[in-house]
Amino acid sequence: MTPQAVPNGQEDYKLKDTKPELGERWPHGGQRGGGGWITSERATSTYDLVEQMFYLYVRVVKAKDLPPNPITASCDPYVEVKVGNYKGKTKHFEKKANPEWKQVFAFSKEKIQSSVVEVYARDKEMVPRDDYIGKVVFDMHEVPTRVPPDSPLAPQWYRLEDRHGKTKVRGEVMLAVWMGTQADEAFPEAWHSDAASVHGEGVFTIRSKVYVSPKLWYLRVNVIEAQDVEPQDRSQPQAFVKAQVGNQVLKTKLCPTKTTNPLWNEDLIFVAAEPFEEQLVLTVENKVSSAKDEPVGRINLPLQIFERRLDHRPVHSRWFNLEKFGFGALEGDKRHELKFSSKIHLRVCLEGAYHVLDESTMYISDVRPTARQLWKQPIGILEVGILSAQGLLPMKENDGRQTTDAYCVAKYGQKWVRSRTITESFNPKWNEQYTWEVYDPCTVITLGVYDNCHLGRNEKPTAGSGARNDSRIGKVRIRLSTLEMDRIYTNSYPLLVLHSTGLKKMGELQLAVRFTCLSLANIIYLYGHPLLPKMHYIHPFTVNQLDSLRYQAMNIVAVRLGRAEPPLRKEVVEYMLDVDSHMWSMRRSKANFFRIVSLFSGALSMSKWLGDVRHWKNPVTSVLVHVLFFILICYPELILPTIFLYMFLIGVWNYRFRPRHPPHMDTKLSWADAVHPDELDEEFDTFPTSKVS
């Protein structure tokens, strides 16, 4: 079912303070603090921004001397770990008496309802029942507790027992059993009892992962000229160059002069990602008619051969021979290997002094240039604890039950993190902590919550959500420049999504955020410089070029992250990067108009106040203003000190009322709470329209 919109009067869209238990029970936890003048060498806990969650870990390493089955005379062993109603199984090996599994099982302590841990060794037969080999039983009260930085618990050999646990049987299994937390090294790759209902390929999609965006470059192709370009119709040469990198295609203008040596001197800009998999394909074509272009010559150039430019110095140009584009290549003989006499003159380089924009400039998370040689030292550390979500709405149906399998994605700079998926819960608890280096405080971290639709179960997406796409639940943005240094912010952020039926609150995301300053002097220095690298201002791109290049960069990032294992899916990447932020709508136009009005509201208020003084609507105010004006005329040297004193007093007065929380989505400013249904219908319509006339 699609979540229904709730009237604005019944819903709270503001941030809420939370008081989670952070750091109290962690080693060195809760010891960070002491103001902004700090060093990066101080001791800290990696998990002091999340709540401690206990898990029972069972590491199954290997087995030896397992007895063969008396019927098949072989052994296909596997191990089953049972804790109460939860069961975890290793993979089985065929005809192997000394198997090695090296697998870890994690059982949430909150859900354990048993006093023993049972580890069974079984033989997988081609019959309905698995043959019993032996078991090992552990008393839950005797299990040791281990929390990093303690060393890992060493596994031990245990003799197998019969079904009644009275006598030893043939075979041994190497195990390690301990009580730990989510800080354990085994936690990320362990099988979790929270996801016991997930099987097959879905198991790999529920684990937490860290992704890195590909390194993006701007490829500048300066098409200068060509020589001896002879089309079939030599009387009407109208040549142009078509350049292609992957699925990006750009064309030069037609040469204004009808000659066999055309001159263009035109720049074409592409986006390329390391490792370079595509080639630069240049084709010289002749314009025969408005509907027909005749290929004349072509050349394929690998991107690795081009110079990497770190400043605005000129790049050396080069001549390249064009391959003849004719019937020989189509026939598959060796004639297409012969070089035609046509040549093309190019100046090509990979721009390392630009920052390749793959996200909106308003919510940019990284401003570093592509070339690592031009990077500055980090000025701070950003730590985010993804605690939990509350009150999530059902996103799909599973076996007739409404459910949500939520996970969280955070993106800052080139680093993406994906939390583990908590299955079948409207109040998932992740308690995962991540860290980023900060190079500029005028940046934004983006966090999104999604419903995992790739768990391999009988899931039916709700109406309005895409089939087999991870459904978006909501998104949160935090601007680092609004955070006080070295302060821990614990807030509950509303997850707001604008649907075609109106604004909906999908739940709340609870976070703990801390921005630690490493160099206050460098932060002040950055505030006096432009946001982007200087090449963006020395040789800027046009607005149309930036929009096109950003779209291409987003596609490349989505494709590369979608090829990871497990993939970060395209719909997730596009939502995090705001792929549709450039689309026009009446709601956005209204929001921009009223923001401009509010910008000039101060000047209008001042003009009205001066009018009231001039017309003596408040005699006391008018007298004081005239006295002050008379004093400033008599003592003009007091004008500047008076202005600065006034500004200082206003600042001191307003300091008490400064915002204590990071700013969140303003539903009134964005015009989301008062948008007309017709305007929403227009905003969510496709282009061209999908409405039936």
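Sequential numbering from 1, following the chain as shown.
Any Cβ shown, glycine's included, is placed from N, Cα and C.
Residues annotated as region 'Disordered' in TrEMBL: 1-37.
Taken from TrEMBL, the feature compositional bias 'Basic and acidic residues' applies to 11-27.
According to TrEMBL, the feature domain 'C2' maps to 37-158 (among others).
As annotated by TrEMBL, domain 'C2' applies to 198-320 (among others).
Note: the domain 'C2' (363-493) comprises 7 helix, 66 strand, 58 coil (DSSP; helix = H, G, I, strand = E, B). The annotation domain 'C2' is assigned in TrEMBL to 363-493 (among others).
Under the heading transmembrane segment, TrEMBL lists 511-528 (among others). With a cut-off of 8 Å between Cβ atoms, the residues of this chain six or more beyond the transmembrane segment (511-528) that come close are 20, 22, 32, 36-40, 49-50, 376-387, 438, 440-442, 447, 476, 478, 480, 483-491, 493, 662.
Using a Cβ-Cβ cut-off under 8 Å and counting only residues 6 or more beyond its ends in the same chain, the transmembrane segment (593-611) has close neighbours at 669, 671. Under the heading transmembrane segment, TrEMBL lists 593-611 (among others).
Here TrEMBL flags 623-655 (among others) as transmembrane segment. Away from its own ends, the transmembrane segment (623-655) comes close to residues 613 of its chain (Cβ-Cβ under 8 Å, at least six residues beyond either end).
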Residue distribution over DSSP helix, strand and coil in the domain 'C2' (37-158): 6 helix, 52 strand, 64 coil
The domain 'C2' (198-320) - residue tally per DSSP class, helix then strand then coil: 9 helix, 66 strand, 48 coil
